[in-house]
Amino acid sequence: MTVNVTVTGAAGQIGYALLFRIASGQLLGPDVPVRLRLLEIPAAVKAAEGTAMELDDSAFPLLEGIDVTDDAKRAFDGTNVALLVGARPRTKGMERGDLLEANGGIFKPQGEAINAGAASDIRVLVVGNPANTNALIARSHAPDVPSDRFTAMTRLDHNRAMAQLSKRLDVPVSQIKKLTIWGNHSATQYPDVFHAEVGGQNAAQALNDAEWLRDTFIPTVAKRGAAIIEARGASSAASAASAAIDHVNTWVNGTPEGDWTSMAVVSDGSYGVPEGLVSSFPVVCKDGAWEIVQDLEINQFSRDRIDASVGELAEERDAVRNLGLI
Ligand code: NAI
């Protein structure tokens, strides 16, 4: 059966890297036909139509059609997978409250449109920043959609942590398992290697270098976005698109046996993360659903960092609550 996939911010740089991979079958699998819905603001509809022309010209066998619109209701009507990429970036002099408010103006109506018209199996991934809190806003305006269908992306952070560990230990990424990103997709995020395995051995033990973990690994992963901007002159786009593909693919098709991934999901109170916050956890995916990995022992080093990032999420939630956005 054809799957309807909606991508917002389709004319942006992540959109450009993402759409061709979805159309080629990498999002859901090589046997799943897709129909794309591209949502943009009116000023960028023409650019999105240009991308749609290029998608046509790629003659993807799995691509059954493309609609371009600036109407959220149309974009989410009957949709099965929604990738919410378009967001309002922070511009110079903008306070955090202004940023949250501007994004509330985007994610509130999108949540409402998803609630009104999306397919009953809708799965939502929020990529646009601040991703966790934007997901919280959208979710709170979609009361009829089960809350486990709203997720935010920390898979790019997860993949970045895999890459750093792989380089440091000189092992292929395929040998690294059970890495976790906790908390917010922001500089406070906590990449946790204490339960990770490298070639079957505990990663923290294999490293045996607390200083590197604290002073190099964690800040390198957390500040990688800024380092990419510095080097490339533009923010991460292809790697973000790749992580979005990974996130949805894992959610739908499952985590490999003996491994888990990182997803920001609506907390059920696990690991002391207040219920309702959209926070990153270690999750296992099976049969199209995710579950938080339970009963991991959290040492004090990890506890302090998880609490700091979750504290930031609680502040963002309070701010959007005070603005009447949730
Ligand atoms: P971009 O500025 O190139 O594209 C954003 C697009 O969104 C623009 O075409 C804009 O017209 C569109 N847009 C704005 N408001 C919209 C609305 N209401 N409906 C539909 N479309 C709308 O930005 P880029 O590089 O593609 O990044 C997109 C977002 O992803 C940013 O918020 C960025 O911070 C975030 N991001 C998140 C990452 C994560 O790991 N969670 C990683 C990298 C980027």
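Counting starts with 1 at the first residue shown.
Glycine is treated like the rest: Cβ placed from N, Cα and C.
Taken from TrEMBL as is:
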- His185: active site, proton acceptor (ACT_SITE)
- Gly9, Ala10, Ala11, Gly12, Gln13, Ile14, Gly15, Asn103, Gln110, Val127, Gly128, Asn129: NAD(+) binding site (BINDING)
- Arg90, Arg96, Asn129, Arg160: substrate binding site (BINDING)
- 4-143: domain 'Lactate/malate dehydrogenase N-terminal' (DOMAIN)
- 154-319: domain 'Lactate/malate dehydrogenase C-terminal' (DOMAIN)
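The Cβ of Arg160 (substrate binding site) has 24 other Cβ atoms within 10 Å, all protein chains considered. When the recorded positions Gly9, Ala11, Gln13, Arg90, His185 are checked against ligand 1, Gly9, Ala11, Gln13, His185 have a Cβ within less than 6 Å of one of its atoms. The domain 'Lactate/malate dehydrogenase N-terminal' (4-143) scores a mean pLDDT of 97 in the predicted structure.
When the neighbouring Cβ atoms lying within 10 Å are counted for each of the recorded positions (Arg90, Arg96, His185), the highest count belongs to His185. Within 10 Å of the Cα of Asn129 (substrate binding site), the following recorded positions from the list Gln13, Gly15, His185 place their own Cα: His185. The Cα of Gln13 (NAD(+) binding site) lies closest to that of Arg90, out of the recorded positions Arg90, Arg96, Arg160, His185. Cα spacing between the residue listed as 'active site, proton acceptor' and Gly128 (NAD(+) binding site): 11 Å, rounded to the nearest whole number.
Counting other Cβ atoms within 10 Å of each Cβ, the lowest count among the binding-site residues Gln13, Gln110, Asn129 belongs to Gln13. Long-range neighbours of Gly128 (NAD(+) binding site) (same chain, six or more residues apart, CB within less than 8 Å of its CB): Thr8, Gly9, Leu84, Val85, Gly86, Ala87, Asn103, Ile106, Phe107, Asn134. According to its DSSP assignment, Gly15 (NAD(+) binding site) is helical. Note: Gly15 (NAD(+) binding site) has non-local neighbours Val7, Gly9, Leu38, Ala48, Thr51, Val85, Gly86, i.e. same-chain residues 6+ apart with C-beta under 8 A of its own C-beta. Across the structure, Ala11 (NAD(+) binding site) and Arg160 (substrate binding site) place their CA atoms 25 angstrom apart. When every Cα pair among Gly9, Ala10, Ala11, Gly12, Gln13, Ile14, Gly15, Asn103, Gln110, Val127, Gly128, Asn129 is compared, the largest distance found for this NAD(+) site is 20 Å. Whole-number maximum of the Cα to Cα distances across the substrate-binding residues Arg90, Arg96, Asn129, Arg160: 26 angstrom.
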